[in-house]
């Protein structure tokens with residue numbers, strides 16, 4: 001009985017071992033299959049020689065495209081001309097009216113002040129008045145008149161040059177010179193300086209440090225007409241004909257020069273103490289130049305104006321500095337205290 005049981009147990013153990021061997025054999029087959037699949041997958045993912053060549057070609061092409069092109073770009077032009085910034089838009093030159101209006105507008109923004117309209121009714125030298133000293137005074141023969149002056153000591157700059165700038169529908173001219181186009185770069189630069197209240201380089205070379213009086217006339221509704229040559233009558237010092245004893249006479253070239261004369265007889269001047277020169281721009285556009293002592297007061301300047309021009313005796317007017325534009329309200333101040341030595345002051349009617 002014991003032997004039979006042992007044999008049965010042996011049979012059972014052998015069966016279990018066989019089953020285990022079969023199971024392990026099955027597991028080993030599955031692992032082997034998986035490994036074969038992985039090997040096949042790696043082989044499929046491994047690039048071929050052709051794939052490597054194509055990838056290398058793409059890499060070279062990308063690097064070439066990333067490099068900046070050294071070929072010139074045609075049709076691209078960068079211009080930085082001052083006249084193009086100021087007078088052109090979209091490649092077009094603005095109308096003459098716009099150019100002229102901008103000139104007056106910007107000149108006013110740079111310190112120009114309107115002159116009293118009474119200058120129109122006075123009839124004395126009514127024309128385009130403008131720019132004196134180291135700045136300008138802008139004017140117009142019809143509606144617009146502006147004045148702009150800056151800088152000190154305008155009397156020690158040497159000669160004085162009077163220039164008339166006429167603005168036409170088809171260009172501008174200086175004095176009786178030739179027509180100059182608005183679209184020309186040099187001419188546009190000239191006008192740009194005027195707009196800024198600066199002396200154009202062209203005029204600086206002309207006066208060599210002298211004083212510039214630049215008049216502006218608005219003729220934008222007219223085309224330029226070349227002026228006829230004018231005969232200038234003799235003016236200055238000469239001899240009177242028909243006199244037994246030749247008499248030396250002096251004829252001023254214009255009424256304006258009469259007002260430029262020093263009227264020292266109107267002022268009690270002490271030559272033994274320091275003096276200064278004051279230029280007075282009157283409301284009618286004319287001017288007076290007078291020497292004063294530093295101790296003279298603003299009220300003395302007012303009295304001088306009334307004595308020199310009696311038509312202002314019944315007028316109420318104010319005196320102002322030019323740059324900045326400040327009314328001289330305290331007339332008991334001396335010229336030195338008011339800080340107006342060797343300067344230009346304005347008369348404005350109230």
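A Cβ is built for glycine as well, from the same backbone N, Cα and C atoms used for every other residue.
Keep in mind that this is a model prediction, so the values were computed, not measured.
According to Swiss-Prot, the compositional bias 'Acidic residues' annotation covers 1-29.
Feature annotation from Swiss-Prot assigns region 'Disordered' to 1-46.
Residues or ranges marked as compositional bias 'Basic and acidic residues' in Swiss-Prot: 32-45.
With helix defined as DSSP H, G or I and strand as E or B, the domain 'SEP' (160-225) counts 18 helix, 23 strand, 25 coil. What Swiss-Prot records for 160-225 is domain 'SEP'.
The annotation domain 'UBX' is assigned in Swiss-Prot to 271-348 on the grounds of sequence analysis. Each residue in the domain 'UBX' (271-348) has a pLDDT score, and their mean in this model is 90.
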